[in-house]
Amino acid sequence: MNRGDIFAKEFDTDPDVSTDSNYNNNNNSNNNNSIISNSNNNNNNNNNNVDDTDIEKHLYKVLLIGDYAVGKSSIIKRYCTGIFSPNYKLTIGVDFSVKDIEWEKNKIVSLQLWDIAGHERFGTMTRVYYRYAIAAIIVFDLSRPSTFDAVTKWREDVNSKVVLANQEPIPVLLLANKSDLSTSYVDSEMLDRFCKENNFIGWFATSASNDTNINEAMHFLTKEILEVAKTNHPPKPEEDTLELTKTNGEKSDDSKSCCK
């Protein structure tokens, strides 16, 4: 997949995947593997320019969780915009961005990336934030061992609050972030063993600062999501959906943090 095939956008509507006006929910056998999808393939279209209605679209909600200041926001910003800034204000509650991927001809896969605050005072809201997610990423900071110690806590939190339609756990990817720092050390054998013991689908050493393994990790997760979505699609949203206001990437005026 060429980088030129990847582009990013943000929705101008409520981030709840159940209410996005850009996608229509078609529950047919060929198109029941995404949260919201729109497929109207025209095999007789001989035009070189493909109309938007001929493009198959799938939207998937993905959680990014982990302790505060591990770099979740920086990873999302790097992936969605290609930009890194050393100074970020801490996420308050939840933020979100959407990344559109031209996965194959006439097929767009959109990842709705939910940036969940890592502060304990927001822990009571995670059940609401996790709703309808099809996958998750847990991030820890290689330069702060305590953030790795918390990974198991976050994994258990996900397991207890969100599952696939068949009641199996959602796929979870582990990111060992800030690999560019001189104080960072990656024990590959230990992480391989840890992921196997705790049912992670895999792990990547990443750096938003140096753009290391960000696209590779997301591509790996997207492949897993598409495989899972063949037989599992999230349940229909209930009426008591969470109302959020799109922030356009702006953070609150809390203390600044350097998150690579």
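Using the three backbone atoms N, Cα and C, a Cβ is placed for every residue, glycine included.
For Ser179 (GTP binding site), applying a Cβ distance below 8 Å and a minimum sequence separation of six or more within one chain yields Leu142, Val186, Ala205, Thr206, Ser207, Asn210, Thr212, Asn213. Taken from Swiss-Prot, the feature GTP binding site applies to 66-73, 115-119, 177-180, supported by similarity to another entry.
Annotation comment: Swiss-Prot describes 21-49 as compositional bias 'Low complexity'.
Annotation source Swiss-Prot lists compositional bias 'Basic and acidic residues' at 248-260.
Under the heading S-geranylgeranyl cysteine, Swiss-Prot lists Cys258 (among others), citing similarity to another entry as support.
The feature S-geranylgeranyl cysteine is assigned by Swiss-Prot to Cys259 (among others).
If you look up Swiss-Prot, you'll see 11-50 (among others) marked as region 'Disordered'.
What Swiss-Prot lists as region 'Disordered' is 231-260 (among others).
For 88-96, the entry in Swiss-Prot reads motif 'Effector region'.
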Margin query: Test of understanding: give the count of other CB atoms lying within 10 angstroms of the CB of Gly66 (GTP binding site).
Written below: 27
Item checked: Cβ-Cβ neighbours of Ile116 (GTP binding site) (radius 10 Å) -> 25
Check: Hey, what's the Cβ neighbour count for Ala69 (GTP binding site) at 10 Å?
Finding: 22
